[in-house]
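Asks: Please find one structure pasted underneath; my questions will follow.
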Amino acid sequence: MALEDMEKRYRISDLSRELQVSPQEVLQFIRMNGGKVGSTSSMVNEEMRGMIFGNFSVEKKMVDEAMKIRAEKQRRLTRLEEQSRKTYEKEQQLRDSMHVAPLVPVAPLHVAQDVIVEVAAPPSAQADHTVQAEPAVQTESAVQTESAVQTESAVQTEPAVQTEPAVQTEPEVQTEPAAQTEPEVQTEPAAQTEPAAQTEPAAQTESAVQTEADLSDVGEVSIVPENVEVIDVPELPMVPVMPVKEEPSVNDQLVSFDIPQNIGGLTVVGTLDMMNPFDRSESGKMKARKKNFKEQADALKSEFDTPAGEEKLVDDKLVVKKKPVKAAGDGDTAPAADDALAGKKKPGKKKKKPDVDEKVISANIRTTISGMDDSAGSVSRQKFRKMRRMEREKEHEAAEAFRESQRAIVRVTEYASPHELAELMGVTAKEIIQKCFALGKFVTINQRLDKESLELIALEFGFEAEFISEIEATAVVAEVDDAEDLLIRPPVVTIMGHVDHGKTSLLDYIRNSNVVAGESGGITQHIGAYEVTVEGNRKITFLDTPGHEAFTAMRARGAQVTDIVILVVAADDSVMPQTIEAINHAKAAGVPIVVAINKIDKPAANPEKIKTQLSEAGVLVEDWGGEYQCQEISAKQGIGIEELMGKLLTEAEIRELKGNFSEDVLASGIIIESELDKGKGVISTVLVQRGYLRVGDPFVAGNTMGRVRALMDERSKRIHEAGPSQPVRVLGFEALPQSGDVLTVMASDRDARELAQKRQVIRREHEFRRSTRVKLDSIARQIREGLMKELSVIIKADTDGSIQALADGLMKIHNEEVKVQIIHQGVGQITETDVLLAAASDAIIIGFRVRPNVNAKKLAEKEDLDVRFYSVIYHVLEDVEKALEGMLSPELHEESLGSLEIRQVFRVPKVGNVGGCYALEGKVFRDSKVRLLRDGVQVYDGQLDTLRRFKDDVKEVDAGYECGLSLKNYDDIKVGDIVEAYKIVEKKRKL
């Protein structure tokens, strides 16, 4: 049953990828519906999965519905085209059997291939006729169907008389009533652009007769083949015919169509009112179809109207696709007659029927779908937008406050000159010197000022002095990254926690390699930088920091360069001081924390106790309603590791980590660790943060410079370049850089060398002045307080990070009487110079994971120096602490031995007074210190001169015995006095 339940559960992150929505939106939806989930890596059942798909699949439903509407429209158009084709074939058969009227003689015109002349038939025929002739320049008729069948026809008898193309109708045959009399051919001036072919009722008989008379005077019309010679004829007089406005009983239409090529002469159309298949006039069925489609479009648009959509909507909220209006006389296409001739309308005032624009409808459907998607997750998106807006406002306010504060802060290096300070504050050097004179300091323009003087002078000018290092003062300003160069980069994850809580074991399982075996004592003593490929071919860079208290600087440095912190806490232990310190480092750096409760496979594991202690430390996990993700794991068994990786990737997706991957930008990174190799020289572990670091690039790092000679990954495999978030080992430093220094690629070796030399000059000057002052202060302190005991040491280690950790740990071991004085520290093996320096300063040499060379070893034996070697930092700190405790003065304690009562006093010649005593308690020794008490008041403190029983000298007297004694250099003893015997005991002190 348990296996079946597992098969029916789904991970939230997988569902979000399947639906192509944000994991946070899915998480918010589950919580809004009463679901209790901790993070996007949590599992949900089949029922909740159905709810999620029902909510977030609205977009798919709307897209499917839009596709159905589009398919239905295409199907209807296809069916309409098929019906039109069949109707047109039937009409052709009827047209061949129609009555043909006598030919009307017309003067020769400019005629091309097809000539269609339609004239009015006699009243008995009750048919409409239209005379059309195609000009030499072919024009496109507005009569065309969806299948792109085009016919070219136009009436052009003379320049002044122009007729318009026939109107568009549905392919249906309409007959007119018999009461209709002879219609006419209506002509309009050339400037008129509206359709001119329009039938009139029987009241217009006079105009019709006149038109027939004019046509009878024109000569005979003959069909000219395609390539015949055109004959010019005189222009005919224009006979304008104005329509008589009267409401017709039935909508009359003029229909034009092509005459077959095998028919010659003039063709007269019969009485049938046939429909052209390319006519677009509104019929009942087409109107119903358009109305149905319009209602569907309006239903979608009315719910979610956008400002852009409102501008495009016309009348009934359908976009009218207007055709270009051009004069018919210039050979271009005239506007199409989109509506039928129905009702009483004024010429030039006809309103075109709207045509649906499919592109606009598709855009509106997409807008509707987007709106429905927003409404589905409106709560989470609105909350997210509100939070982002508030964050931007806070950032803007903080930036404004920062700019205001910067106006009153001057950033200056220690021991700056008046000239440099004047440039920073925007005043003259003369004013600075005058202020110094007013403060009682006589300085020159290039003289160096100490820290107190700089602070006082800055306050005099209304500034607050902020002291920076020489590296910050000469930092290279990076260019602003282009948005197009910023791409998603792998996250940098730092594993932090207390010692022996399983940080390296966790990384060991992830990397599938035994890292702990390579560390002395089973604890991590370096920052290890590794790049790991996880599920989905995604990369994560891990930094493994030491957990011992001596490596505080390393943990702080790891928190400053990381994106996510994994806080490892042992379930069978508790939240330790280094755990609290790691939490503070992460919070100070603004880095998100993912809690990993390790060792849950042990019997004594108690994860709930760990969560309680974490909440007391300010880390409230998601299971308890907090914001920090938590995962119970076992680094040895691999339990929960996959879920932990999923939470890391989810956190990285939320933060949208990006880096500059441009090929042209100068690379930069941070020094994680440095060491001195005997064969390769200085090797530094660098975490690239921007651009690509390549072999041959000149660079500057701190006070040193160099050129990249080789790049190696964590497995010592040579590579050619390293991108953002990639750790790499770099060879090519001229000197050993410090951990935490920024490595910046320069344009040339010259620029790198100049910047490094400038920093070195400032550093040497600062160290010289600082060391001189320390010596003077040391002399003054020794005069005031007496000589302080100091343990002088020289530290040599394998890496710069280990040196810093050792130095920090040793400097913490001190009190008012003793302390550690580090004379020299460096990376690499112990040399003869180190031995000579130790002999001159009476110091001991501490070698951490390094050994002396042969000459140094012989010299140390000759000088009888104490050289100690260690590989675990515990042992170094313990031995140094014992040595300092041995230098402390011991504590003195008084221990009572016994007491005697003087009961009789004897006077002995040449000796003085001797007391006869009785031992009350304890034991009194001959060499014991004694004090004489009289009435409870001490009157003597010294030693015994003699101690006898009877006439014999004894060494001790026990309680209950009598004895005689005399005090050294004291003779005033009386009966009743009490003699107390005691001794002073020395006790070693602890730091």
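Cβ coordinates come from backbone N, Cα and C, glycine included.
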Asks: Of the ranges 122-125, 598-601, 626-629, 706-709, which one does Swiss-Prot list as region 'G4'?
Replies: 598-601
Asks: Determine which residues of the chain contact the region 'G4' (598-601) at the Cβ level, with the cut-off under 8 Å and only residues 6 or more beyond its ends counted.
Replies: 501-502, 505-506, 568-573, 607, 632-637, 639-640
Asks: Across the region 'G2' (522-526), what does the pLDDT come to on average, as a whole number?
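Replies: Result for the region 'G2' (522-526): average pLDDT 48.
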Asks: In the region 'G4' (598-601), how many residues does DSSP call helix, how many strand, and how many coil?
Replies: 0 helix, 1 strand, 3 coil
